[in-house]
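Peer 1: First the structure, which I've put down as structure tokens, then a few questions once you've had a look.
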Amino acid sequence: MLDQRLVRENPDAIATELGRRGKAVDLTRLQVIAQQQRKLEEERSGLQAEGNRIGKEVGQKIKGGADPKGEEVAELRQQGNAIKQKVAVLEEEEKHLFTQLKEQLLTYPNLPSPDCPEGKDETDNVELRRWGSPRQEEGLEEHWQIAERLHLFDTERSVRIAQSRFVTLMGQGARLERALINFMLDLHTSKGYREVMPPVLVNSASLTGSGQLPKFADDCFRCSEDDLWLTPTAEVPVTSLHRDEIIPADQLPLRYAAYSPCFRREAGSYGRDTRGLIRLHQFNKVELYWFAHPDHSAEAHAQITADAEAVLQALELPYRVLDLCTADIGFSAQRTYDLEVWLPGAEAYREISSCSVCGDFQARRSAIRTKEGKSTKLVHTLNGSGLAVGRTMAAVLETGQQSDGSVLLPKALVPYVGDERLQPE
């Protein structure tokens, strides 16, 4: 959530910064509410000061010998009581305006970092680096073709069980998925991340705190009889691990590696990636999450990105890193580095991780602060996929496919799978 003080004091500057995202932003309604709130605040403060003055005058008169039940003191007390009633009315009006102001603020995205590349769409993203040599050969299969041939998952029966965009992993496919999850968690925890397995059902406050609500309600699955939603990413529950808390500065950064199933309606993606593991309603992901000191979030962003890259390097999967432009970063992000893995069968780079620094945007929505001495300030939050498991499996299958129909696994996965290859069953 944006800082209401900044919005109130510098609305034009805020509108300009939000406009860098590629869409004009009208802050008129927000300004009107903020001005009304400021006016009420000043009026209330003035009345409270007058009430305090009258209270002191009553005390002085009684101390000077005036009759506590006399007419003069009674008149002053009557004035004081009238002021208290006015203050109570103003406080209620302020609460109402504060609710309106917060509802408005929750609809605005984060301000892009000054270092975020300017751009109008994804074509303006800036490639920073590449790792590995992409495999480029004629006749390579896409991952879903390999999976069907090796019977790694069953989509037809999954439609019967649920609907389209679901898969049931079978045999070697289920084992490979489990191996990837365990490998990712082991790698991250070896680097000091604390493993977390959070609830997959979260309440509205959690989704609001991380930035999914109110804007992305249509892309989430909701339990209609309860205030619960299926989490679209472990970022949501992990953000709320420390909601309404003050974290001592000497405990920062807090670094979590969270595995969870993720659920998304994928509204607006009709017709895209209809086969395989790339775009599903339910998928597994290992999420990296940092609560960092505000002075060190830039270094934390570089590190969380490197930690996500380490998974791809260990699995010998070529990839590239993109610095997303202002029009392509997510709602809660200040700046985002996307990792795109090479899929030899599809002959394309595909997103497998987004590593974002969110500044104090989520922390303000979730009231997560840190204390250093007597000073209390909002923490900074960062998140990144480490990695999306299904897309990682797709890359492993396409990269390791052999002419005999088998799939040669990365050496790092062999101890987890228990075999060097996936063979036709």
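Glycine is treated like the rest: Cβ placed from N, Cα and C.
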Peer 1: With Thr233, Ala234, Glu235, Glu287 listed by Swiss-Prot as binding L-serine, identify the candidate in Ser133, Ser385, Ser403, Ser406 belonging to that site.
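Peer 2: Same L-serine site in Swiss-Prot: Ser385.
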Peer 1: Out of the binding-site residues listed (Thr233, Glu287, Ser385), which are within 10 Å of Arg264 (ATP binding site), Cα to Cα?
Peer 2: Thr233
Peer 1: Who sits close to Glu266 (ATP binding site): which same-chain residues at least 6 apart have their Cβ under 8 Å from its Cβ?
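Peer 2: Spatial neighbours, sequence-distant, of Glu266 (ATP binding site): Arg165, Asp219, Arg279, Leu280, His281.
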Peer 1: Reported as an integer number of Å, what is the Cα distance between Glu235 (L-serine binding site) and Ser353 (ATP binding site)?
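Peer 2: Between the Cα atoms of Glu235 (L-serine binding site) and Ser353 (ATP binding site), the distance comes to 13 Å.
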Peer 1: Secondary structure at Glu235 (L-serine binding site) (DSSP, helix/strand/coil)?
Peer 2: helix
Peer 1: Of the binding-site residues listed here (Thr233, Ala234, Glu287, Ser385), which is spatially closest to Ser353 (ATP binding site) when Cα positions are compared?
Peer 2: Ser385
Peer 1: Would you mind sorting out which of Thr233, Ala234, Ser385 (the binding-site residues) have a C-alpha within 10 A of the one on Ile352 (ATP binding site)?
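Peer 2: Checking each Cα against Ile352 (ATP binding site), the hits are Ser385.
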Peer 1: Name the one residue among Thr233, Glu287, Ser385 whose Cα is closest in three-dimensional space to that of Glu351 (ATP binding site); these are the binding-site residues.
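Peer 2: So, spelling it out, the nearest of the binding-site residues is Ser385.
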